């Protein structure tokens, strides 16, 4: 989208054709004021100029200096709120520099002074007089001169009238039911997560993708290089009606620089104070830190003690649904609302533990599930209580909420900070109480006897004492659950200036606590950036949807998402962690690193030989010692568990009843926890094995082993005529590696396998899977295999020689050969268009060669991904791929029983959460792509040199699922997924399932081993050309500055005139609602149109960015047939054969087909130099080499 288009919503109006045949799309702008805005009344949020210093806006006024009566008006906003209708302009005289059209003047709002009756830009509201004065009149009022106070000793406070209006509009909001419904409608897309019930009554956990939306918005605002962002999560909790949403709203609004641009919560109406307002958990962003390194996010949690009363936000949407004004096919008030707005990050998980009526209640989710999630990830928890009658109840709430979650996470690096907000405090309290330090002291003093008198406090204190912790005061008890506790008072209505001051105090306490939490995480090396945090959140969502009473383990989550870097230290660490996980209690930490020292030394010897580093051990080892230190330190800090064991019984017959599982970096917050998360004792981390105590010994062991290996290497070089690298590889294998892995395998009875590290050399990413399941990097493959022209043949795995292979060849692209790429668009059944084009290319060759053998990389989106997987991973011919694809479509798009009955299909979709049933789709994919074969790694029967990737959307971003591995690069705009082991890998059918999980058609695919939830990526990358080109440059870095030999992009056809008709004729609408038309169903058809338009736009932008000269444009070709017939909907399987025939008719003999076929044939040859080029006297160059050679062309049929 063009930059100027980003602030507007566009609607398709008309299609016509230019003379050159290019499509022209005319759009109608929707005025920005029609877009959803902040839910506050517009009169309160008129734009105004911020004060000159940002800090002054929040500081309580001390000495006020009135501004001049007639200040200079500010310059008009560069983007005015209104766009004037174009008027015919007279011909302007030519000028050297054309001037922009004058912008319409913006009238500055002025306020009436109720004393002098004049209008001024700034007036000041008096809370006692309840009147607005100008600067002059303020000092003329008698009570203001003498410093008198109002009833109850309330002073006359001078407050900017605009601030006062904002606060009053929020605190005294009384919108009508219709107005509030509209506000709730605009607030729906701020929902982060929640629990809903489907039509069958089952509880469903919904993640609406709000976190991803905020992070994407921040990233987009920061430009192409956003850098790392470390968000701080601040959770607002408290009883219903305490004012949580109100506080978040005013914190956001008072931090806006000018016109409000950030979303704020919908506050409760003073007419319905006893009814819960917000449902579920909503997420908002703080404007002041929005673009900073540490943006603060506010989580607004549904109120405690709300019972089963449905919050007005949820009820409002439900009433729309029942009365036909909302999306009728929604199964909940908001569960599918995100999908109708093209929110691909929305995911749903069935709550498996909600198997009793009590666990299915709304109150149970609010009091048990939400605290587990928020306590685990929050940096700060803000408890809001409104004028509590009994101060002991405040402490009970603080402790009860945390106690429900404390033992539900292990290895949590820090405890959250707690800020207790006493909302609507009386204005007559001692002035010192407005200071958070004094307010905190007052609270602790007021409840000091609760530790001995209050039943709940006594119970919790005794529990901690039984764990060995000294609890003498209420503060001691609270600091068992929180990193710190502060109290901030917020006044009731009547003193807006004090209100503003206290809100700033609250903000400063939040910011300080958030910074302290992140600083502590950074010290523990557990600080996650915005991108890293998302997988942990998803893992927690998945975990707590299945297990409410089992602890979420941060360390186990890190294993799944593989954050360990892939340098030598990281690879060494991965091997150590794998040994620890595999051997369990059979090896202690010292034994693990003793065994590891020999393998590390041998890898250093091998790497020094490959890098041509010469010298003795004392010259080589210093280059690697820092890696050894880092691996040991990381292992001890982040992976080696505490050795504390709780013993019960007599001294002679002690029985172990619990072992601590917390690691050093996650130990300080809670003490000793067992595997279930239960705190079994307090105390610090205990281990005889530490980095400090073992570092020198580990260095010595590695150095000694390296010295001996280098001595052996020198002797072998003198005795053998083989190249030094070959000798070093043999020595590494025979003297160390075989014995090392045999010993480990004997202990665990199973081979160690890594998908992210070459466990043969610990230096490079593994790329080449062997039949046994081990994966080698290219240097190791070359060292232990036999080199052929374009391939390496290997007969056994160097990690265990007891298994031999039968002619296992791995094909490599010759260095002199260029790269050839194929990309396939998504489009439901219309992927048959690409298959027919590929078949026509093969027919040009007389059906003597297979199309996939002419490409090095094939990338597909949606059903284009299914085609790519069939051609490469399954090695199908095009003919077989057509047949299999037809079978998959026929089985997957089969209508449900009763789907032709209007209304009934809506109920079925609500129950099943997708238009089509999932089992037929998954059965068809398993039958076509095999049930057990992995996309990458695992035990293999065949091997392909062609690399294939399919795109999918995860909750965090676009992901690329591939049959190959490569070095990890963090700065790409998509995730290259490669887990640590085969158990977390996708099978081929699962990759296909992830690629075709089209929103509104099929439910998202949840991959159980990793907790990742995938959806179709066609709305974002319907043409994966950019991803394919980035992968080319990453896979073959030597080719990154060169152009590919050939890049062919194939679309799924288009028709200029039928796009509008497509909405009306789409089978999606008919399938869901009979002959009715629904905005949500039309949205599905519009998604298809947008996807088609985006595919062409992606291609044009890609070519424009390349800036190719005319002589190089032949290297890039796009084939996307234009047809006159109406295009079928993506799920209209009845049109499959018809579309197939249309493409054959239109494209047979087409020049584009012939051109692609000839170009591909030409790229099958390359010239290989045998000697360096020679410059001749006349300035020309002489190339000497081998004749042109065919590049692996396999006959078929």
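Placement of Cβ uses the backbone N, Cα and C atoms for every residue, glycine included.
In TrEMBL, annotation is done automatically, which means it is predicted and not curated.
As recorded in TrEMBL:
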{"type": "REGION", "residues": "1-104", "note": "region 'Disordered'"}
{"type": "COMPBIAS", "residues": "52-62", "note": "compositional bias 'Basic and acidic residues'"}
{"type": "COMPBIAS", "residues": "69-104", "note": "compositional bias 'Acidic residues'"}
{"type": "DOMAIN", "residues": "758-800", "note": "domain 'RING-type'"}
{"type": "DOMAIN", "residues": "822-1029", "note": "domain 'PNPLA'"}
{"type": "MOTIF", "residues": "860-864", "note": "motif 'GXSXG'"}
{"type": "ACT_SITE", "residues": "862", "note": "active site, nucleophile"}
{"type": "ACT_SITE", "residues": "1016", "note": "active site, proton acceptor"}
Could you give me the DSSP helix, strand and coil counts for the domain 'RING-type' (758-800)?
7 helix, 14 strand, 22 coil
Take the motif 'GXSXG' (860-864) and count its residues per DSSP category (helix H/G/I, strand E/B, coil), listing them in that order.
2 helix, 2 strand, 1 coil
How big is the Cα-to-Cα gap, in Å, between residue 1016 (active site, proton acceptor) and the residue listed as 'active site, nucleophile'?
6
Taking every residue in the motif 'GXSXG' (860-864), what is their average pLDDT?
95
What kind of secondary structure is residue 1016 (active site, proton acceptor) part of, going by DSSP in three states?
coil
